[in-house]
Amino acid sequence: MPLFPKFLQFSRPITARWVRGVANEGNFRRARSLISRPLRLIYWLPLGLGFTQYFYTVKTIRGRSMQPTLNPDTSGWDDIVVFDRYAIHSGEPIGKGDIVALRDPIDSRKMIVKRIIAVAGDVIKTLPPYPDAEVVVPEGHVWVEGDEPFRTLDSNKFGPVPLALLDSKLTYIIWPLDRIGPLRPPVPPVSKRGDPRDSRWYSDIAAFEREQRRQSRVTTHSTTLSQQNTANLV
């Protein structure tokens, strides 16, 4: 028998075993890849859940109760924002003007987004349909309202809210891109003489005036104490 056919006959079993080995190794790699992906997910899942549970979480804002601060009519998108849970659960002070996510006092299955108008000890002049003209916010509670008073279900309906219902504080808008950035308190816009006043200027001045009207309805705790001390001195 010629040498080359003998070589082919001799090498055929070895080649077959090598091919089967490569195939088995490929199957093993694919199987390992399929198994490792869910294992990595299981490994990192507790860290991700812990981060969103105790630190930061991303939410999509629905509805119109916080217009024009959130979901303004000029935008065709629902706002996507970052909420800070650590600021609430770490015991940091809650400030007037903060926008928070909280459990709906009427339906605990729902999460609502409102602005804190008054804190414990403040006297707030209420809006309809609240039955009393003024309310002293009790200890451990806050008074919350929507920025759009005609499309909101807030403390003027269900009264002061326990701090235990607060979930997180809004800190950052991440969508849409033209409004991306941290949420800042409204300030009066500054324009130089001769500069044109565009839509952004009018929007900023309207936001500042709304904030001024909100503050005018609140008598702060320190102001109330000062008035009481003056009355006692007289």
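Any Cβ shown, glycine's included, is placed from N, Cα and C.
In TrEMBL, annotation is done automatically, which means it is predicted and not curated.
Sequence annotations record features per position, and here TrEMBL assigns active site to S65, K114. According to TrEMBL, the compositional bias 'Polar residues' annotation covers 217-234. Feature annotation from TrEMBL assigns domain 'Peptidase S26' to 49-125. Under the heading region 'Disordered', TrEMBL lists 212-234.
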If you run through the domain 'Peptidase S26' (49-125) with DSSP, how many residues end up as helix, strand and coil?
10 helix, 27 strand, 40 coil
Write out the long-range same-chain contacts of K114 (active site), meaning residues 6 or more apart in sequence whose Cβ is under 8 Å from its Cβ.
S65, M66, I99, V100, L102, V144, E145, G146, T152, D154, S155
How does the model score the domain 'Peptidase S26' (49-125) in terms of mean pLDDT?
88
Using a 10 Å radius on the Cβ of S65 (active site), the other Cβ atoms enclosed count 22
